[in-house]
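Below is one structure, written out as structure tokens, with a few remarks after it.
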Amino acid sequence: MFKSGFVAILGRPNVGKSTFLNHVMGQKIAIMSDKAQSTRNKIMGIYTTETEQIVFIDTPGIHKPKTALGDFMVESAYSTLREVETVLFMVPADEKRGKGDDMIIERLKAARIPVILVINKIDKVHPDQLLEQIDDFRSQMDFKEIVPISALQGNNVETLVQLLKDNLEEGFQYFPEDQITDHPERFLVSEMVREKVLHLTQQEVPHSVAVVVDSMKRDEVTDKVHIRVTIMVERDSQKGIIIGKQGAMLKKIGKLARRDIELMLGDKVYLETWVKVKKNWRDKKLDLADFGYNQKEY
């Protein structure tokens with residue numbers, strides 16, 4: 001039986017939400033994103049095992065907005081309450097409960113969904129101070145669980161993840177097992193590769209190319225971001241053009257695309273490129289969606 005669920009991570013700015021998500025995912029998701037996006041938009045971290053999938057939604061820090069952008073960020077964070085089954089409300093152990101926390105608590109009460117209080121940064125306080133913090137927050141709301149952690153050091157993080165696993169219900173695997181985020185980097189990577197294909201082949205295969213990012217992961221051995229992409233075309237003749245004589249064209253496409261991708265990610269990249277024929281994919285709705293041309297997403 002496969003189990004799955006969506007979990008929001010809410011809290012004031014700088015309480016360690018992203019640090020927690022990065023630790024759970026085993027890599028810095030923020031590295032593979034535009035800084036403005038990672039701080040202003042919801043970020044999805046997809047944690048998948050053989051039997052479970054937890055889709056974490058890291059949110060912008062909730063604060064009193066002073067600009068339209070601030071309004072957007074806060075509403076973006078609160079909008080996740082309509083999308084998830086569980087909320088992790090994260091607070092810092094080394095700061096007392098404030099007005100910002102109280103504001104969030106009132107919204108959480110109104111949402112009527114299970115809330116786990118996560119007290120982060122326990123490595124910074126004495127156990128007595130932690131107990132006071134627990135009692136204070138417990139007096140404000142009926143939390144499903146209260147879990148103290150140190151996201152930076154990893155203390156008790158696995159316990160929290162196991163708790164979430166235990167509370168998952170039977171469900172679908174919403175994302176492929178090798179996908180760890182919904183970041184637009186996959187889309188940008190595919191566009192960079194497609195741009196090189198169009199540039200180098202000029203008018204030979206202008207409209208029949210789609211690029212799918214099959215996987216994008218950090219290789220712990222080489223410390224490179226390993227990206228596998230498939231260039232889709234509609235005819236065998238187009239496949240031959242893109243591969244080129246003895247693979248020369250495909251190698252050139254990969255070399256130029258890798259350079260741009262490394263500049264975007266700020267990381268060393270190993271880019272693996274493949275070419276496949278998918279006849280008449282441009283006229284098939286399922287193929288269009290599979291290749292990233294989903295009207296709802298872009």
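Start at 1 and count along the chain as shown; that gives each residue its number.
Just so it is clear, glycine is given a Cβ too, placed from its N, Cα and C backbone atoms.
Bear in mind that the values here come from a model prediction, so they are computed numbers and not experimental data.
In Swiss-Prot, the annotation region 'G3' applies to 58-61, one of the ranges 58-61, 234-237, 294-297.
Of the given residue ranges 11-18, 179-186, Swiss-Prot assigns the label region 'G1' to 11-18. Secondary structure at Thr59 (GTP binding site), taken from DSSP and collapsed to helix, strand or coil, is coil.
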